[in-house]
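The structure is given below, and queries will be raised subsequently.
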């Protein structure tokens, strides 16, 4: 459960990211593919080379979904319901991949905002991404 302090940290961090969310989403996705090659299996139709426009575009979709989640932290199941359905029933993404991408998002944010990435912010973002992952995989059961 996200505490009020966690929510404040997440919102403040997302505000600082601003217009870079899409860029960071693409970078995190690239990092995920490089670090965990098995995640590429869900994107056989993509050009997965570094700097690929398709990876950047999908990274922006990830970032947009997270921006929506930040705006609706008090009701994530409703905010992410359609996305959960898509990943569970149509795309059938292995739930572990959300954890892998979450880790790469944390690394990407830490690289770009080291001064703001305090232990408290790190913990809050980790809890937030974990909560989002749990919601996205809730319909797998």
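All residue numbers here begin at 1 and follow the chain in the order shown.
In case you wondered, yes, glycine gets a Cβ from its N, Cα and C as well.
Not measured: the values here are computed from a predicted model.
According to Swiss-Prot, the protein has these features:
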BINDING   58  O2 binding site
BINDING   87  heme b binding site
DOMAIN    1-141  domain 'Globin'
MOD_RES   3  phosphoserine
MOD_RES   8  phosphothreonine
MOD_RES   11  N6-succinyllysine
MOD_RES   16  N6-acetyllysine
MOD_RES   16  N6-succinyllysine
MOD_RES   35  phosphoserine
MOD_RES   49  phosphoserine
MOD_RES   102  phosphoserine
MOD_RES   124  phosphoserine
MOD_RES   134  phosphothreonine
MOD_RES   137  phosphothreonine
MOD_RES   138  phosphoserine
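Have a look at these and tell me how they're positioned relative to everything else.
The Cβ of residue 58 (O2 binding site) lies under 8 Å from the Cβ of 25, 26, 29, 43, 46, each of these being in the same chain and 6 or more residues away along the sequence. Under the DSSP three-state reduction, residue 58 (O2 binding site) is assigned to helix.
In sequence order, 93, 136, 137 constitute the residues six or more apart from residue 87 (heme b binding site) in its chain with CB-CB distances below 8 Å.
Over the domain 'Globin' (1-141), the average per-residue pLDDT in this prediction is 94.
All protein chains included, residue 3 (phosphoserine) registers 10 other Cβ atoms within 10 Å of its own Cβ.
When secondary structure is read from DSSP and collapsed to three states, residue 8 (phosphothreonine) falls in the helix class. For residue 8 (phosphothreonine), applying a Cβ distance below 8 Å and a minimum sequence separation of six or more within one chain yields no residues.
Neighbour density for residue 11 (N6-succinyllysine): within 10 A of its CB lie 15 other CB atoms from the protein chains shown.
According to its DSSP assignment, residue 16 (N6-acetyllysine) is helical.
In the three-state DSSP reading, residue 35 (phosphoserine) counts as helix. Within the same chain, residues at least 6 positions away in sequence whose Cβ sits under 8 Å from that of residue 35 (phosphoserine) are 100, 104.
In the three-state DSSP assignment, the secondary structure recorded for residue 49 (phosphoserine) is coil.
Taking a C-beta cut-off of under 8 angstroms and a sequence separation of 6 or more, residue 102 (phosphoserine) has the following same-chain neighbours: 126, 129, 130, 132, 133.
In the three-state DSSP classification, residue 124 (phosphoserine) falls within a helix.
Annotation note: residue 134 (phosphothreonine) sits in a helical segment as assigned by DSSP.
In the structure as shown, the Cβ atom of residue 137 (phosphothreonine) sits within 10 Å of 19 other Cβ atoms.
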Would you kindly give the Cα-Cα distance separating residue 3 (phosphoserine) and residue 16 (N6-acetyllysine), rounded to the nearest Å?
20
Per DSSP, how many helix, strand and coil residues does the domain 'Globin' (1-141) have?
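Its residues fall into 113 helix, 0 strand, 28 coil.
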Take the C-alpha atoms of residue 3 (phosphoserine) and residue 134 (phosphothreonine) and report the distance between them in angstrom, rounded.
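One finds 16 Å between the Cα atoms of these residues.
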Work out how many Å separate residue 49 (phosphoserine) and residue 11 (N6-succinyllysine) at their Cα atoms, rounded off.
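So the Cα of residue 11 (N6-succinyllysine) lies 32 Å away from that of residue 49 (phosphoserine).
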